Number of protein chains: 6
Amino acid sequence: MFKHDKQLLKDVRVDGPNPNYASLMLDQLGGPHGELKAALQYLSQSYRIKDEKIKDLFMDIASEELSHMEMVAQTVNLLNGHTLEAMNTSVGTVESHVIGGLAPMLTNASGYPWTGAYIECTGDLAADLLSDISAETRAKVVYEYLYRQINDKGVRETIDFLLNREEAHNTLFREAFNMLQNTGSLQDWGVTQDSKVYFDLSTPGKYFNELKDPQAPRFNTPDQPH
Amino acid sequence: MFKHDKQLLKDVRVDGPNPNYASLMLDQLGGPHGELKAALQYLSQSYRIKDEKIKDLFMDIASEELSHMEMVAQTVNLLNGHTLEAMNTSVGTVESHVIGGLAPMLTNASGYPWTGAYIECTGDLAADLLSDISAETRAKVVYEYLYRQINDKGVRETIDFLLNREEAHNTLFREAFNMLQNTGSLQDWGVTQDSKVYFDLSTPGKYFNELKDPQAPRFNTPDQPH
Amino acid sequence: MFKHDKQLLKDVRVDGPNPNYASLMLDQLGGPHGELKAALQYLSQSYRIKDEKIKDLFMDIASEELSHMEMVAQTVNLLNGHTLEAMNTSVGTVESHVIGGLAPMLTNASGYPWTGAYIECTGDLAADLLSDISAETRAKVVYEYLYRQINDKGVRETIDFLLNREEAHNTLFREAFNMLQNTGSLQDWGVTQDSKVYFDLSTPGKYFNELKDPQAPRFNTPDQPH
Amino acid sequence: MFKHDKQLLKDVRVDGPNPNYASLMLDQLGGPHGELKAALQYLSQSYRIKDEKIKDLFMDIASEELSHMEMVAQTVNLLNGHTLEAMNTSVGTVESHVIGGLAPMLTNASGYPWTGAYIECTGDLAADLLSDISAETRAKVVYEYLYRQINDKGVRETIDFLLNREEAHNTLFREAFNMLQNTGSLQDWGVTQDSKVYFDLSTPGKYFNELKDPQAPRFNTPDQPH
Amino acid sequence: MFKHDKQLLKDVRVDGPNPNYASLMLDQLGGPHGELKAALQYLSQSYRIKDEKIKDLFMDIASEELSHMEMVAQTVNLLNGHTLEAMNTSVGTVESHVIGGLAPMLTNASGYPWTGAYIECTGDLAADLLSDISAETRAKVVYEYLYRQINDKGVRETIDFLLNREEAHNTLFREAFNMLQNTGSLQDWGVTQDSKVYFDLSTPGKYFNELKDPQAPRFNTPDQPH
Amino acid sequence: MFKHDKQLLKDVRVDGPNPNYASLMLDQLGGPHGELKAALQYLSQSYRIKDEKIKDLFMDIASEELSHMEMVAQTVNLLNGHTLEAMNTSVGTVESHVIGGLAPMLTNASGYPWTGAYIECTGDLAADLLSDISAETRAKVVYEYLYRQINDKGVRETIDFLLNREEAHNTLFREAFNMLQNTGSLQDWGVTQDSKVYFDLSTPGKYFNELKDPQAPRFNTPDQPH
């Protein structure tokens, strides 16, 4: 069961309206590496999980991503300001000005509606956690790109917070991943010769070789310097 | 901010596995009239609302729909059982058997991924509430269709609960709609002659006439017999 | 059977070319609340309807929406002018300039192709009519937004006409809806306690209460002041 | 302006219900080579055409395709019968049984909603007519595949009629194509050496050679045996 | 089996960065008439082909289109330059600036992701070749439109090469088409009266007539002046 | 530049036709974790890469995935057999029977067309490699699921080969990932307090804690037992 608290997870503010940047920011609401994607990916994965520790982790983080959605949406609202005038903008989707009355839409920055095709959910814990680790890394990258393209201090504070939260989730997912040993897709790794061959199909250039003793993925312990 | 309570809003059970029916039920998770659509529609609409009463209503119901998602997902889990064998099924999407390890996917019954194109959000309160009233009616209709196609008592109890909740939301949205008067798109209704004409373009047959004094939509008071 | 008359339902004109605004206007051709969506929704719903009065109404209005499509398309043509130069534009989709030779495309203002996912068709008359009433309201809202963002008198005349026609359709659909009594999804409304409960899941704030005697939707008589 | 006549272009009948085949047939309503695609492709292309002969041809055929849609939809209705029971079917989409109350949906046979991405519209008459000729050929192919998979005499009569109409349209589009000479994309064909080279990139095997004197496409006169 | 040679099929260069034009050019990477579509269409069609000559032709051309993709992608890279600043652009999709770090995305110029719905593959050789001939014609048209909208000499050289290659493919596909005689969908053309009728459904205007002796499509010999 | 060798990377065979299983197998051609997705993801990522070692690795593997596509497509062909009769099948998409003449389509097992929305490409090497490692893991999982659901020895041999190749790619991508140090998104990890907090938003249950010294992702050396 979900409950909602009208207090934002962290308050947001902007120095001033910036409808062009509002379109860019929208990507982290309804784009492929945005908060909705993260929330629904972890939610989807959680529905069939047996392991209670990892299920709890998924629900904690999914709830937080739903809470991030509110922060991003409210930032987009403030950036959109109060003037319904598409002609004043020149970057990204115009749907908010044409059909949305400036409300934040569930699309990416170019107006492509969010799609369930973004969701990775395999029912295999190792695969799902790797999907989540890579998803959090991509989310961080997008926040870095967005950060560079704005000087607004309020927006930068919010991005900085969200970016750091993606790092935290990333670290936690790796911690969970390392709790798995020889289960699911991590089993029987590299047992046939086919898993060791290197096909050098692009020429010229060959920098990698046959794999001697391939192992299943495993991260260095996240909390320890490597 | 969203918080999650591991207790389901209402417990679910099934008499036994039924992977074919699991596919049908999936439509109310990731289909056009399903719980995810409802949750995200009300969430999207709420982000820019000023009226605190209606914003609260939207958040109450959005939270409940997120909670319904869990109930539907868990029902699908139980119906899917524990046998990964697509060949035993013959109705609807096979993605859960092919790529999902039996996890419930965010698709409709035929495997089409959920899309943001389902969301109606205009930033006009009257339009948004009418969209919500019609959405709840369609959700009820789908639950009625699903109810007829299963004898499983556990599933029927869950559907019965969810169907009645859609009625409650429907009634509440109408109550909220009737609080609006002459605002937004309800203003200036029927002021030109063009809004009164009847074009009889399909022949033979004409059963409706010129409109004498068209009025903006308004519902009979939901709590009172009409 | 459909027949076509080369005469537009109502002639259109523009004061002058405006390729940026052409992109915005395109939303009412190929967007979620546009004329194609309306035409195909009513057409789809009509295919299985038994009630001959409502079937006739659906066909009358679907034919009119197909005729509106021509008006919008011709307006977009005139606004696009004759210069194939994407660099002169700065708002919305550039597909007409890149692949369409300035022809109006079946996409929204940001270039997302029209999708059947926009169509609401349940086979339940009450649900379908509510979907249509809400669709007409959203269409009106979009025309209002578009009207505000242009000074061109010719475009405004066309929008004014189309906006008023949506009001007419809206009024007629309500008239048809009120002819339904206790049929389909309107039956058995509010019979269990579950349909009366209010879950106050978002805090703080509670403005609505338990529902005493919920009734199925019914509109005030459209032709009479309420 | 479009007008509708309640008389079908040609009456349809079926020997008996066949919900599985109804799903297959649906592809010609809402699939990539179906009647809706044809209608909207010719409609889209017509909107900006100057040549009045070809514009008239496009409108004649677009109107006919809209009329074919009705024939296919009514055939699907009859094949679907009156039993809402998805479990009795085993082939193709189940959306009509889950959310549509047996109404024909605008999807292909596997439930993928119709998309504007199917439409080819370039604003170049030669390209558009070639797109239409190939579209009609594909439509014929699908009707042939469908014909082979049913014994129902009523359905076969309808398919036979529609298949022959696609041939007629195909022939007419070629006639129109041959009226074009050295216009648009047909100009300046094969003027550089690059247009004559043959890159033999897949080995072994080489069956084609350098092109000596490449010409723009042109069909044998359709009405004359070649 | 595919092998890759790091040498481009033909080197590309640009006079200077032009991020706005980069968006337009992107359409020929990930748009409906772009190189990816061409490559995957011919690849898809080839998978089940028996005729070894035509299979070889399809593989030769598919390999070339994959090689064209690299040329277009590298051109987009050069046009994008090195500054990640969406605000400096005003035309087309901003996804490369928001989530892609300036990498070329598989979308059209307005940001719509490439979709398999673009692919025409029927398993009927005549239909597939007609689809390919029309596809090559559309590709040529788009390159013509793009050519007109840029003065950059490097870009124009690349477009000129690619445009001429589409002509070559077009000519070759027609040569292959003419090798087919009375096979597949070319059989039994125009045998019933229904294939000869002209429905004049759009009025006023009638420029075409009954078809006396309709023939299956066949091109003039491409290598010979007609 | 791509060159094609008509020899398959590894020959494929099946014990006998199995059209139902053909649909399942199709997911690895045109589904979210299939060979086309892999090929295009690595291709997309490679287009802007500077590092020549990793670019070479991406091209080697992308070429191999294009070669895997052929193996999967040919397996689907053999499983589809030669009978165009959708009624004989009961699992998954019927498009091959309705519109494809049994040719393998670029869709998933339920008929959803391949979409560019599957592609992860950020222009950040660390993020892209993590995306690739997780993609290869998911591909392995799907092959495991498919393996379990068929007894056909020929199919199992092919799946076994492909599954082991995904392991090889996975191992190689990790080797490449570990060559990155403190670059791009791996920089400045865990520097603010926000990246160390744990929000316990789902109750009851708390199994993870504050993060003391979060580190950027890094894998154990793949070739060495950990």
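Each residue, glycine too, has its Cβ placed from N, Cα and C.
Summary of the site annotation: TrEMBL records Mn(2+) binding at C:E35, C:E65, C:H68, C:H169. Screening the candidates C:E95, C:E136, C:E210 against this entry identifies C:E136 as the one listed for that site. The Mn(2+) site, placed at the center of the C-beta atoms of C:E35, C:E65, C:H68, C:E136, C:H169, has further neighbours from the same chain whose C-beta lies within 8 angstroms: C:A38, C:A39, C:I61, C:E64, C:A139, C:L162, C:R165, C:E166. Cα of C:H68 (Mn(2+) binding site) to Cα of C:D56 (Ca(2+) binding site): a distance of 18 Å. Cβ neighbour density within 10 Å is lowest for C:H169 among the binding-site residues C:H68, C:H169. It is 13 Å from the Cα atom of C:D56 (Ca(2+) binding site) to that of C:H169 (Mn(2+) binding site). Within the same chain, residues at least 6 positions away in sequence whose Cβ sits under 8 Å from that of C:E35 (Mn(2+) binding site) are C:Q28, C:L29, C:E65, C:L66, C:H68, C:M69, C:V72, C:L162. Taking the Cα atom of each, C:S202 (Ca(2+) binding site) and C:H169 (Mn(2+) binding site) are about 37 angstrom apart. Distance from the CA of C:D60 (Ca(2+) binding site) to the CA of C:E136 (Mn(2+) binding site) is 15 Å. Those binding-site residues from C:E35, C:D60, C:H68, C:H169 lying by chain A, with Cβ under 8 Å from one of its Cβ atoms: none. Under DSSP, C:D60 (Ca(2+) binding site) is assigned to a helix (H, G or I) in the three-state scheme.
Note on C:D60 (Ca(2+) binding site): other Cβ atoms within 10 Å of its Cβ, all shown chains, come to 24. Of C:D56, C:D60, C:H169, C:S202, listed as binding-site residues, those near chain B by the criterion of a Cβ under 8 Å from one of its Cβ atoms are C:D56, C:D60, C:S202.
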